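Just below is one structure, and these are the notes that go with it.
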Amino acid sequence: MSVTKSARSPQVATPLNLDLPESAKKLQSQDPSPANGSSSESSKKTKGITGFQTLVHLVKGNMGTGILGLPLAVKNAGILMGPLSLLVMGLIACHCMHILVRCAQRFCHRLNKPFMDYGDTVMHGLAFSPNAWLQNHAHWGRRVVSFFLIVTQLGFCCVYIVFLADNLKQVVEAVNSTTISCHKNETVVLTPTMDSRLYMLSFLPVLGLLVFVRNLRVLTIFSLLANISMLVSLVIIAQYIIQEIPDASQLPLVASWKTYPLFFGTAIFSFESIGVVLPLENKMKDARGFPTILSLGMSIITTLYIAIGALGYLRFGDDIKASITLNLPNCWLYQSVKLLYVVGILCTYALQFYVPAEIIIPLAVSQVSKRWALPVDLSIRLALVCLTCMLAILIPRLDLVLSLVGSVSSSALALIIPPLLEVVTYYGEGISPLTVTKDALISILGFMGFVVGTYQALDELIKSGNSPALSNSTMFIQ
């Protein structure tokens, strides 16, 4: 069949005959994605988000509650090994995102499509692979990726609800003992109030209104507000940390190998934003600048992670707690950190919700008439919000259950699938042995994250089953 392949000059396109696998021909004819215009023609859109808006969303997609647990993670790795490992993980995560974008752009050119999401890219990668079995089961690639994305992103939404309720509850319960003066290096909870589940329900109306925002350009306002509130809170934390940095000579450069898996499991999921990469690229006015924005955004995030993780461990040493906010004095300045994070996470919910909504809602809307499209759209959004709130309320130790599920889905999405996708995408064009080796090593690293995270979550679930019920904890979930 004949498709259009862009030449070096953007004004010239030459026809190229490709011998496509039979399964690829079927997928191309059945795929519901728009096919009018090539990727180069659609790279500039009259309506879309700007480069700055894309950067804001990208930074917000990465910067969640996980950064508060990184000082403890650095403790489990060592004051030298921890920051170095964070740097390596940031580079690998960024590289895998670039792989996904390149493969998606490759199939856009090859199949003359304006855009592709994560699931479509994997599906076409399998369809063009040299293996007949993979070609015949290419549709399962899209289904598996969509399932992982839905589970991961809605899982984050569930944990965000728990985080919102717990932090607001801590501030309210400590209000009688919170002072203006910041001397005591401790956050205490003295006055019991209503159950945290009632706090969760109190956020439901606000979250319901937020998810009704369906435009990424409008969501930029909320992402920008979230970034500002979180950055201000991190500045407050940082200025307290650097006031009194003790001698670091007593801290181990490299911690015990027995505790390093705890660092690995915490850190690897802090870089989880691959689910929003292609939706952001697809919505850009000029997608050609996306790789630069992606590198800039991940550089900002990695630098923040290393700074907070290393400085937090340097300041508090072995006394560092699971969330660095628990090491702050019980005064209004540092209690405001929790309130700022509540605002930030509240705004972040809508962005994390955007990905599963874009997968589920179009499938449902396609089954009804145009008259009912909007009511069905809004109803599904409201139902999904209620579902995340219900799961947050009903499931004991939700953080461990989601860590178990995330160990599989997050590792697969961020580290296992992208390098394997690169191999099957470029295999027929003579991919170098060095690239294959690099991709294999990254996939092995992702599989290690899956094994370590699964073991850690199962171990904690077993321990929690033999102890009194504990409140949900969110410091290890991004």
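A Cβ is built for glycine as well, from the same backbone N, Cα and C atoms used for every other residue.
Judged by membrane topology as recorded in Swiss-Prot, Val171 sits across the membrane from Gln367.
When each of 144-164, 218-238, 293-313, 375-395, 442-462 is checked for Cβ pairs under 8 Å to the transmembrane segment (77-97), 293-313 comes out on top.
Remote same-chain partners of the transmembrane segment (293-313), defined as residues 6 or more beyond its termini with a Cβ less than 8 Å from a stretch Cβ, comprise 51, 54-55, 58-59, 62-63, 67, 70-75, 79, 82-83, 86-87, 90-91, 93-94, 97-98, 101, 234, 237-238, 241-242, 245, 251, 267, 270-271, 277, 320, 324, 327.
The transmembrane segment (218-238) and the transmembrane segment (341-361) are in contact, since at least 3 Cβ pairs between them lie under 8 Å (pairs 6 or more apart in sequence).
Mean per-residue pLDDT, taken over the topological domain 'Cytoplasmic' (1-53), amounts to 49. Contact count against the transmembrane segment (375-395) (Cβ pairs under 8 Å) is highest for 193-213, out of 54-74, 193-213, 260-280, 341-361, 442-462.
The stretch from 144-164, 193-213, 260-280, 341-361 with the most CB pairs below 8 A to the transmembrane segment (442-462) is 260-280. When each of the listed stretches 54-74, 144-164, 193-213, 341-361 is scored by C-beta pairs under 8 angstroms to the transmembrane segment (260-280), 54-74 comes out highest.
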